Amino acid sequence: MSSKKEINEDLVNERRKCNFNIQEVTHIIDGGVENTLQRKKIEDVALNGGASLDDVPEECMNLRERYENALRKSCVYANILRNELLEITGIENFGTPVIRRTGDAFFKDISPFMLHLGMFVPTIMGQCTAEQQGIWLPKALDMQIIGAYAQTELGHGTFIRGLETTATYDPKTKEFILYSPTITSYKWWAGGLGRTANHCIVVAQLYTQGKCHGVHPFIVQIRDLDTHMPLPGIKVGEIGPRMGFNTADNGFLGFNHFRIPRMNMMMKNAQVLEDGTYVKVARHGKLTYGTMVFVRVTLVNEASFNLSKAVTIAVRYSAVRRQSELRPGSAEPQILDYPTQQHKLFICIATAHAFQLTANWLWHTFTVVQAEMRKGNIDTLPELHALSSCLKAVSTSDAAACIEQCRFACGGHGYMMSSNLPYLYSFVAATRTYEGDYTVLLLQTARYLVKAWEQAEAKKIVTPTVAYLNRCFDTNEKVAWTNSPEGIIKSFQAIAAGKISLCVKNIRQRIKTGMDYEDAWLMTTVQLVSAAEAHCRSMILDTYWNEMQRLTKTSSDNVKMVLYQLTTLYLVYWALEKSGDLLRYTSITEGDIDLLQKEYEDLLVKIRPNAVGLVDAFDLRDEILRSTLGSYDGRVYERLMEEVQKNPLNKVPVDPSFQKYLKPFMKSKI
Ligand SMILES: CCCCC/C=C\C/C=C\C/C=C\CCCCC(=O)SCCNC(=O)CCNC(=O)[C@H](O)C(C)(C)COP(=O)(O)OP(=O)(O)OC[C@H]1O[C@@H](n2cnc3c(N)ncnc32)[C@H](O)[C@@H]1OP(=O)(O)O
Ligand SMILES: Cc1cc2nc3c(=O)[nH]c(=O)nc-3n(C[C@H](O)[C@H](O)[C@H](O)COP(=O)(O)OP(=O)(O)OC[C@H]3O[C@@H](n4cnc5c(N)ncnc54)[C@H](O)[C@@H]3O)c2cc1C
């Protein structure tokens, strides 16, 4: 056993083998040297200010203790956030992922303030008039009020137009009356709502002058600011234990003719005048869904970050762990030496890079569209919606699958909560569902793709992200296969175009047989989801390859080489995964697929010596990783043992339940 301060010998050797400059790669992932310095500064301030590592692991506490502990830490963390971190980033960047990431040093599960910061504040910013922002924003940023985002109901999450909560305007008192008419109309799921929030955004059907105008957001005080008692007319509570998010106090909420002032309707996109006249301000009907688009964009970043944590844990552990023998009597190899283990893990490193670069690109696109919308141009919103929908769906789904693979890669110890892999998995698994379910979002993208196909068919120029449709439109022949990064990307575009084309053909054929459009669409949805996924994969491959080329232009040779190997691994991996589609839509042959397989296996061998260096380049501090298996020093077994000492069950040699149950049971006669 190594002494406390020592770094595991295998990890030392791995780091010695690494042939590239780790810092250079860190800068690329962070988006430049300046960003790395800023991130480190933020981490220093956030973590030195009192990152509360718990004496008792969160998972060993009961529900109440876990909530109380999470709230205690949230207050410590929020104080650092508002007193110190916002000064570094500027208030306009309060939601920067770097700040959000420091939170993981405090919470293994999740903070009850997460939705306040992640959705309540952004909704005030996005849905309120300047005047309303002046009232709510300072209080929310200073956390004098704490909010949740209550949209989903017991009966409806996906179909927002089907929400049942009503907000009926009363011109006599100039108030809205909130009402939950049915059990299914109860708000359900909102994070922070159950125990913590005293305010929340409520999405409700707006009625005025006897007419329903659809769903709109309202800001509602639900608890007394002093006593925290629910206000009369409010029924609120926690929805109960779930697969993850157990310290987020997800809540339910019902209204019994609860009155709020007229000005609590968030009025940037639509207004109700004092006399009850409804005025539509926005030029696009779906701008009330703006917070969801924002969060979907940020979730691609979340997918990358959480995956980078999981794969850092799994690769370091795989360098430390030795198991089996390659030949009788030989020393046990590091499990990282097994090609099957490399197959599980290297694609996860590449996927984290691919999503990070895609997330950066998507964020840039989002800010450009926002700027256009401020000028009154909403033309680019549908493309952003289509993009953010599919990228959110695919990145969260792939990240969850990869994190689970990282857990498999860690064998039994990966199943321990102290590895942090179960927390990471349950957190990311939820992201596939919330903020728009995977299938539902891909079908939103499919709507856009079908329209784009029809435009291409009519010889109109389509938007940039589907420009390949113009090129692919006339090809009845299979696209010629070339085994190069560009060739793979082009082939994936051909797959996407081929699938969209087939969907359109099938919808039309079904209509010809007498089906109406809705039924024809419905019957084609399995293919539409597959087409949208294919489109999304072609986008990720294209963005990853081109961005990495751009970002490594001035890099040192070895950095260029290792990142080239990783990017190529990603492209080849997906070509192999989708070989059936390639056979269908390109001229690829079985022989070409054999060559791809060989190339893939060669790439695993080439990447192997740099594997630990590559995960070190994510530069994740131990406080943020929070894993017995993944710490920088590789003291895996020591940490597992140390964790055992913190388990309350081990505080006494004999459990009191022995006398109570086990002894009487053993002594009882059958
Ligand atoms: C310290 C800082 C902290 C930072 C934190 C960082 C990260 C994390 C942050 C927070 C995350 C933490 C926790 C989050 C918890 C989760 C919170 C939630 O889940 S909130 C609830 C979210 N709910 C959903 O996402 C519901 C999904 N459903 C929908 O979005 C919609 O209902 C729909 C499926 C899109 C269908 O809507 P609708 O029926 O109204 O529309 P359609 O008839 O299908 O389409 C009509 C038309 O409109 C277009 N469209 C739809 N949506 C949008 C949009 N958002 N923007 C633009 N356009 C849109 C659609 O494409 C159609 O167009 P067309 O084809 O041209 O007619
Ligand atoms: C951890 C967590 C936190 C959350 N936090 C919040 C929060 O803070 N605030 C909030 O308002 N909400 C929150 N939610 C709710 C979340 O946004 C919804 O659960 C999510 O949008 C999915 O909606 P649903 O539950 O109605 O699923 P459903 O729509 O009922 O989905 C069930 C199944 O039906 C399928 N399906 C549904 N509609 C269609 C369709 N049109 N076509 C094809 N298939 C379809 C789906 O693909 C899925 O397989 C949270 C959820 C979770 C899990």
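Each residue, glycine too, has its Cβ placed from N, Cα and C.
Keep in mind it's a predicted model, so treat the numbers as computed, not measured.
Listed in TrEMBL for this protein:
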- Glu435: active site, proton acceptor (ACT_SITE)
- Thr152, Gly191: FAD binding site (BINDING)
- 21-146: domain 'Acyl-coenzyme A oxidase N-terminal' (DOMAIN)
- 289-450: domain 'Acyl-CoA oxidase C-alpha1' (DOMAIN)
- 485-667: domain 'Acyl-CoA oxidase C-terminal' (DOMAIN)
Rounded to an integer, what is the Cα-Cα distance in Å between Thr152 (FAD binding site) and Glu435 (active site, proton acceptor)?
-> 10
Fewest other CB within 10 angstroms, which one of the recorded positions Thr152, Gly191, Glu435?
-> Thr152
Give, as a single whole number between 0 and 100, the mean pLDDT over the domain 'Acyl-CoA oxidase C-terminal' (485-667).
-> 97
So how many of the residues in the domain 'Acyl-coenzyme A oxidase N-terminal' (21-146) end up helix, strand or coil by DSSP?
-> 93 helix, 0 strand, 33 coil
Hey, how far is Gly191 (FAD binding site) from Glu435 (active site, proton acceptor), Cα to Cα, in Å?
-> 12
